[in-house]
Amino acid sequence: MPSVPSSPVPRPSTPVRPGFVALYMAAQVGAYIAFIPLLTLLLPLKAEAIDPAGRTELLSQVALWGALTAGLAGVLAGVIGDRTRHWRGGRSIWMIAGLIGTVGSYGLIHAAATQTTLMTAIIALQISLNFMLNPLAATLPERVPPKQRGMVAGFAGLAFPLSSLFGALAIGVWLTGEAERLGLVVAATVILMVPFIAVTLRSTPMPEQTSSNGFSLVALADRDFLIAFGARLMVQTSVALNVLYLLFFLDQEADARRALVDVRIEVVVGGLLATSTVMSVVAGLIGGRVSDRIGRRRPLVFAGAVLLSGGALMMAAVPAWPGPWIAQAVLGLGIGLYGSTDAALAAEVLPSPQDAGRDLGLLNVAVTAAQMLAPVLGLLALTWFSGDLQSVYVMAGAFAFLGGASVLGIRRVP
């Protein structure tokens, strides 16, 4: 497939300072806190509270429609950001709008008492989240020079494990009431996002460039971009399957429940996510720096995906305790290594410099499409295998490996 004609992605040359990296990492963590604890703990518990008998089906339906909304909202946020980045405040204006919308959406989630109101709240949240996440993603190719992208992506990649740790400890262990849990998520998101927004509001606006194709899918005509999209879709589907069904998997497995009979299931999930977090932090920081040093992204992205695959298959093969604990540690290593190096690869595979926000939004459709695909696949697996969640983790392992292997076919990025 031929590549679309384009200029190379802009290459900023001024190194970013440690203070900027710290604020960027904090903002990423804040944005992820806005949805990771929700997906891992709060949404499954809310689904169970609304419909105990149909909790799995409700969770899958809400996740499906939320992911569909997020995919569209991400591209829209990117297009709007590309068209307005030369304004005073640039993309930060939309981060403010997204933050305000996120706060309001959590109020709707707390008030939700039916399937319809929960669905509405999650759709509103997904729209708001993407107006925060897209400007953050565009920061890497637009503000960070190539020689620092692996390092910065490594720190930004801590957002997933640290937000998971936050959910595991603060949400899963420390607090027990829904209102307190949702309130803490909102407070943490605001506190961590605001400093970065304040700094970028005062920064020099990006030069005005005419967006070449507006709201379009033309980037998918680029061979390397299409491979990166497909690879991310498969790997993120694996991650989403693990996150979405972890709580129910542990609740289903009799051996694990007998070994942890006196421990609340939320605490067990919290402990597993804490283990995964530690492994992910180590792998992400090391992987990003190694990627910068050797000047290669693809082999490390593949290695991270292989670890993800191994962890998922271990969940299915060794469900008795401490199998899930070891498996989540391996998954954490994979998530950290994959996350940091894939983000750097994404910044360098973009085909159109003037449409960076749109194309990053399109690339991130792979993440939200994975959130949409995961519950569909989960429902199919549960139907075909009579509710056996081990089949879900076998599927997750296959998707992770196939996604990682496909990255090796990218030509433009070493």
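The backbone N, Cα and C atoms fix where each Cβ goes, and this holds for glycine too.
Lifted from TrEMBL, the feature list:
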type     : residues : note
TRANSMEM : 21-42    : transmembrane segment
TRANSMEM : 62-81    : transmembrane segment
TRANSMEM : 93-112   : transmembrane segment
TRANSMEM : 118-140  : transmembrane segment
TRANSMEM : 152-176  : transmembrane segment
TRANSMEM : 182-204  : transmembrane segment
DOMAIN   : 216-414  : domain 'Major facilitator superfamily (MFS) profile'
TRANSMEM : 225-248  : transmembrane segment
TRANSMEM : 268-288  : transmembrane segment
TRANSMEM : 300-319  : transmembrane segment
TRANSMEM : 325-350  : transmembrane segment
TRANSMEM : 362-385  : transmembrane segment
TRANSMEM : 391-410  : transmembrane segment
> Hey, which of 93-112, 182-204, 268-288, 325-350 has the most Cβ-Cβ pairs under 8 Å against the transmembrane segment (300-319)?
Replying inline: 325-350
> Any residues 6+ beyond the ends of the transmembrane segment (268-288) with a Cβ under 8 Å from its own?
Replying inline: 40-41, 150-155, 157-158, 160-162, 164-165, 167-169, 171-173, 246-247, 250, 256, 260, 300, 304, 307, 324-325, 328-337, 339-341, 344
> List, by number or range, the same-chain residues at least 6 past the transmembrane segment (325-350) whose CB is under 8 A from its CB atoms?
Replying inline: 9, 140-141, 144, 146, 149-150, 153-154, 156-157, 160-161, 219, 224-225, 228, 232, 235, 239, 242, 271-273, 275-288, 291-292, 297-298, 300-301, 303-312, 314-315, 318, 356, 359-360, 363, 400, 404, 407, 410, 412-413
> Which listed stretch (118-140, 152-176, 225-248, 362-385, 391-410) has the most C-beta pairs under 8 A with the transmembrane segment (182-204)?
Replying inline: 152-176
> Between 118-140, 152-176, 225-248, who has the most Cβ pairs under 8 Å to the transmembrane segment (362-385)?
Replying inline: 225-248
